[in-house]
Amino acid sequence: MGLWGQSVPTASSARAGRYPGARTASGTRPWLLDPKILKFVVFIVAVLLPVRVDSATIPRQDEVPQQTVAPQQQRRSLKEEECPAGSHRSEYTGACNPCTEGVDYTIASNNLPSCLLCTVCKSGQTNKSSCTTTRDTVCQCEKGSFQDKNSPEMCRTCRTGCPRGMVKVSNCTPRSDIKCKNESAASSTGKTPAAEETVTTILGMLASPYHYLIIIVVLVIILAVVVVGFSCRKKFISYLKGICSGGGGGPERVHRVLFRRRSCPSRVPGAEDNARNETLSNRYLQPTQVSEQEIQGQELAELTGVTVELPEEPQRLLEQAEAEGCQRRRLLVPVNDADSADISTLLDASATLEEGHAKETIQDQLVGSEKLFYEEDEAGSATSCL
């Protein structure tokens, strides 16, 4: 009886009791509220989610190194294939472009985007070598200046000499100034010290253009002095010769008696020869005033030992006498019949001592002062008497 009082479960209710989520008598779902189940679900989600994220990022990490390795390999290949000296690598095409002669250059293999510009020499510098595609311009200081590490930007003028008590041991170069050393140290090393007056170098003397003008003026003055001195020397010699000949230097007081000595076969002249000899003697005894030009010519001839003759009547008569083969010799005889041995001995001694010029001068002086005269004897010899 009691069994009939209980309700029999139906089929629907039986199916509901088999599935989860079936409600209990109180109407709740006990498995959703269980904290153990919730923890388990959270743990599973927390573990599986990072694993999927890591698996998704692994291919991307593999791709990044591949992208970064490519530029490094490219740089390595470019370094191995550098452009040669005298060219550069184009940043657009990557090809090697040559530099321009005289404009830019490169001195070694490179991958520069452009060539280096050539250096332009500054003021005070000279171009030692021009710029090429593989070499820069080489500049150096002009002569008389230098450039060292203390003045790399400009050339400085070299010193022209050393201070007092020092001597120069090396000249100025484009890279250094003159070098000086103590005089005592230079003498101890065996080098001859320079004098104090010669400290100034030739370079310093020629630095000013006025020195050339001074040298030219000095040469002209020296040449003028030589010319004037040579001209005055001739006149001075002529004046001295006039004084020595007894004329007092004046041409109007200078008298010359020219005579010759000819050697011919001696013979006794006839009456006609005696008359001609007397005529010649009279002509020679007459003082002849000659011009200044003739006197100078005679004096110059006397200096050289040459007999000077007047190309007039005496010359013609002498030539005529020579054609007849006569011999005439003049002797100096005193006018007052004094002994002529002393005078003749003096004249012969002068001739013996090779002073023929002095002998002729003495004869001319004595004849001009009328202390002697020429006399011709019958044997054809002429005697000059005092």
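All positions are counted from 1 along the displayed chain.
Positions of Cβ are set from backbone N, Cα and C atoms, glycine also.
Here Swiss-Prot flags 64-75 as compositional bias 'Polar residues'.
Per Swiss-Prot, the feature disulfide bond maps to Cys83-Cys96 (among others). The DSSP secondary structure for Cys96 (disulfide bond) is strand. Residue density at Cys96 (disulfide bond): 17 other Cβ atoms are found within 10 A of its Cβ, drawing on all protein chains shown.
Taken residue by residue with DSSP, Cys115 (disulfide bond) is part of neither helix nor strand, so it is coil. Under 8 Å, Cβ to Cβ, and six or more positions away along its own chain, Cys115 (disulfide bond) finds Ser87, His88, Cys99, Thr100, Val103, Asp104, Tyr105, Thr106, Thr133. The disulfide bond feature in Swiss-Prot is assigned to Cys99-Cys115 (among others); the stated evidence is sequence analysis.
The secondary structure of Cys131 (disulfide bond), as reduced to three states from DSSP, is coil rather than helix or strand. The C-beta environment of Cys131 (disulfide bond), restricted to residues of the same chain at least 6 apart in sequence and closer than 8 Å, consists of Glu101, Gly102, Val103, Tyr105, Cys118, Thr119, Thr137. What Swiss-Prot lists as disulfide bond is Cys118-Cys131 (among others), and the listing cites sequence analysis.
The disulfide bond annotation in Swiss-Prot covers Cys121-Cys139 (among others). Just so you know, the Cβ of Cys121 (disulfide bond) picks up 14 other Cβ atoms within 10 Å once every protein chain is counted.
According to DSSP, Cys155 (disulfide bond) is assigned to coil rather than to any helix or strand. Taken from Swiss-Prot, the feature disulfide bond applies to Cys141-Cys155 (among others), supported by sequence analysis.
For Cys158-Cys172 (among others), the entry in Swiss-Prot reads disulfide bond, with the evidence type sequence analysis.
Within 10 Å of the C-beta of Cys180 (disulfide bond) there are 18 other C-beta atoms, taking all protein chains into account. Taken from Swiss-Prot, the feature disulfide bond covers Cys162-Cys180 (among others), and the record attributes it to sequence analysis.
Summarising the annotation, Swiss-Prot assigns repeat 'TNFR-Cys 3' to 140-180. Across all of the repeat 'TNFR-Cys 3' (140-180), the predicted model scores a mean pLDDT of 88.
Residues or ranges marked as signal peptide by Swiss-Prot on the basis of experimental evidence: 1-55.
Residues or ranges marked as topological domain 'Extracellular' in Swiss-Prot: 56-211.
Taken from Swiss-Prot, the feature transmembrane segment applies to 212-232.
Reported as a whole number, the C-alpha separation between Cys139 (disulfide bond) and Cys162 (disulfide bond) equals 28 Å. Local packing around the Cβ, expressed as the count of other Cβ atoms within 10 angstroms, is greatest for Cys141 among the disulfide-bonded residues Cys118, Cys139, Cys141.
Cα proximity to Cys180 (disulfide bond) (within 10 Å) is found for none of the disulfide-bonded residues Cys83, Cys121, Cys141, Cys155, Cys158, Cys172. Residue pair Cys158 (disulfide bond) / Cys141 (disulfide bond) shows a Cα separation of 11 Å.
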